[in-house]
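For reference, TrEMBL has these:
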- 294-387: domain 'Transglutaminase-like' (DOMAIN)
- CYS302: active site (ACT_SITE)
- HIS361: active site (ACT_SITE)
- ASP384: active site (ACT_SITE)
- ASN424, ASP426, GLU473, GLU478: Ca(2+) binding site (BINDING)
Amino acid sequence: MGLNIDSLHNPVVEKMGSKFRLHGFKYGSIRIRVTKVDWLSRKNGAAHHTQEYPDPELVVRRGQAFTLVLELNRPLEEQETIIFTVQTGPQASEDHHTKAVFQISEPEVGKTWTAVEEAQTENSMTVSITSPPNAVIGRYRMSTRVSSRRKQNERKLGEFVLLFNPWCPEDDVFLDSEEERQEYVLNDSGIIFRGVEKHIRAQGWNYGQFEEDILNICLSILDRSPLHQNDPATDVSRRHDPIYVSRAISAMVNSNDDRGVVQGQWQGKYGSGTSPLHWSGSVTILHKWFKGRFKPVKYGQCWVFAGVLCTVLRCLGIATRVVSNFNSAHDTDRNLSVDKYVDSFGRTLEDLTEDSMWNFHVWNESWFARQDLGPSYNGWQVLDATPQEESEGVFRCGPASVTAIREGDVHLAHDGPFVFAEVNADYVTWLWHEDESWERVYSDTKKIGRCISTKAVGSDSRVDITGLYKYPEGSRKERQVYRKAVRKLFSVGASGRRTWVRRMGGRGLWREDLLEPATKPNITGKFKMLEPPVLGHDLSLALCLTNLTSRPQRVRVNLSGATILYTRRPVAEILHESHSVRLGPAEAKEIPITISYSQYKEDLTEDKKILLAAMCFVTKGEKLLVEKDITLEDFITIKVLGPAVVGMAVMVEVMVVNPLLEKVEDCVLMVEGSGLLHGQLSIDVPSLEPQERALVQFNITPSKSGPRQLQVDLISPHFPDIKGFVIIHVATAK
């Protein structure tokens, strides 16, 4: 590709240090041009921690130098220098910081693009290019021209992708821990915690941010946003800011206001799509959205939205993790109280109850600076793509500073009151009478925001991070923060006015009165499992009542039970009975309860959850509500039968169990895992006799080394999904 200069009148080529310049010869009509560019993808990928992104395009991180080699058709003359132009998005301009023009110069530190010559041979030049640490992220086009007396057209060199850089101290997303960067940016699998507070279960999730086309799809999500469709130039110019980018993606992962990625469904009916519990990762969802011309994928629930959002943000270079909050409040009227209305059997009155407490809710945290709030609020920020409430007219949530939530600074952007309520709201129960009167019933008001959990760095353990969101429940500091949040939310203090809270039935209470607890009865009660609750089996438990006084008491107990969704929305009643109990002084008694499999089998949802309630009416008009959420257990095991090595097949053995007391057919085992399989593997399972155990074997051929997560999902038309996962440590081939 080089020009043979020896045949052109023997010019003198003088080496000046590492540079070559021509003397004694003018090329006249021979215009200099770049004939070839070597993006040095392997070298740059290793330096920028982007080597896992599939070829062909170069992927680098902002605020950090990357190197390329330019081949020229002839050596540069003394007065010539190469000028670079980089630009991103439509209508790129230097005013919007979406275009930069710069030439090879001496190294300098600043907020501009720079190019430094590292080495030069006769017809090639090695150049180091550095973007500013606050550069707009996205796909860039690069072109060059040579400065000389003669006007030249720019020559296109190609495209590259620029990402956020958690390794760069000047970047707003900088994270000062290599272990955390490996976990929250580079780990392509993870764990999402689900279940109930007393029985938390781990579910594997394939984030797959380095899989084929995922980076391109993530950039497309930004381009499909209404923010971009309405004003492309301004939208792209704001993509330097992780606050802006994360908020835009939070809106686009759900489909409520746009043709976003995932459509939510919480009614338990998924006939026209895929059940949220069938998904094992984000890759299939993102591919389906992209290949389906941006038609929302059916269906998702909170952990699906969180899994997809985590994939997109990690892919773009923002450290992100998935967080589960157990007993999560959905406070619709912003009064920091989840108000539940029940009948005399403790059954939720859906028509009256607007607020809700979900068994669990899953959102994300991303790590970046809050230039809009100040350094005190830097660090983890809550983002939630589940479409629950509108934020500035759009279904999205965050970023809300976790520090601001812990300190009760609910007035700060974005969506602080909603997130604060999710972890701090009081749980208040109201007994609704037939004459439409109501009264407060004693129950556990402090059950909101328990066991806030995320995956540990470098292991599959669960880490409780509740202390990041609030001070110890009931402590003096926690009460101070709660009162502070109430003042800010209800504007009590400066005006001296009390806040009137509207209640059902046209009645109302002063906020201060609403916070007063119900009268504590002179008995206690709790449900106790007598045997583990296993899917397909009868449930055996007891209601334990204790008299706290030295006098006998008579208690009337109304028991109810229902299959529920994980949002605690009842599906069907499976238990309805009453008991009368006499308790002697300080006496404890148990009321045995049995729920047969036949009672719940037809109405059990894929969430495998049952809610029991006991409304206890005590002498002298005292009332107590006792509740218990039950998640039915299942069983699956996975074994790898040999060493796992890149490029070599290894057998995996899965033990599946029919949990039912009847024969089942048409079961399918779905298998997925980044770096272990290309796409999903579907295996038909032979018919299973009642409670039969069977072994299913298949081969996988790993394509990437290191710890890799394999997910399996037993799908049956007869019982809810049974999921499992295993971490496989893959060695590099020798």
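Quick reminder: no glycine exception, Cβ is built from N, Cα and C everywhere.
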Across all protein chains shown, the recorded positions ASP384, GLU473, GLU478 give the max Cβ-within-10 Å count at ASP384
Per DSSP, how many helix, strand and coil residues does the domain 'Transglutaminase-like' (294-387) have? 18 helix, 40 strand, 36 coil
To the nearest whole angstrom, what is the C-alpha distance linking ASP426 (Ca(2+) binding site) and HIS361 (active site)? 17
I want to check the contact list for HIS361 (active site): same chain, sequence separation of six or more, C-beta distance under 8 angstroms. What comes out? CYS302, SER324, ASN325, SER328, HIS330, THR386, GLU422
Give me the long-range Cβ neighbours of ASN424 (Ca(2+) binding site): same chain, 6+ apart, Cβ under 8 Å, in sequence order. ALA329, LEU336, ILE448, GLY449, LYS470, TYR482, ALA485
So for CYS302 (active site), how many other CB atoms are inside 10 Å of its CB? 27
List the Cα distance (Å, whole number) between GLU473 (Ca(2+) binding site) and ASP384 (active site). 24
Hey, for the Ca(2+) site built from ASN424, ASP426, GLU473, GLU478, who else sits with CB inside 8 A of the CB center? LYS446, ILE448, GLY449, LYS470, GLY474, ARG479, TYR482
Report, as a single number, how many Cβ atoms besides its own are within 10 Å of the Cβ of ASP426 (Ca(2+) binding site). 20
Take the C-alpha atoms of GLU478 (Ca(2+) binding site) and ASP384 (active site) and report the distance between them in angstrom, rounded. 24
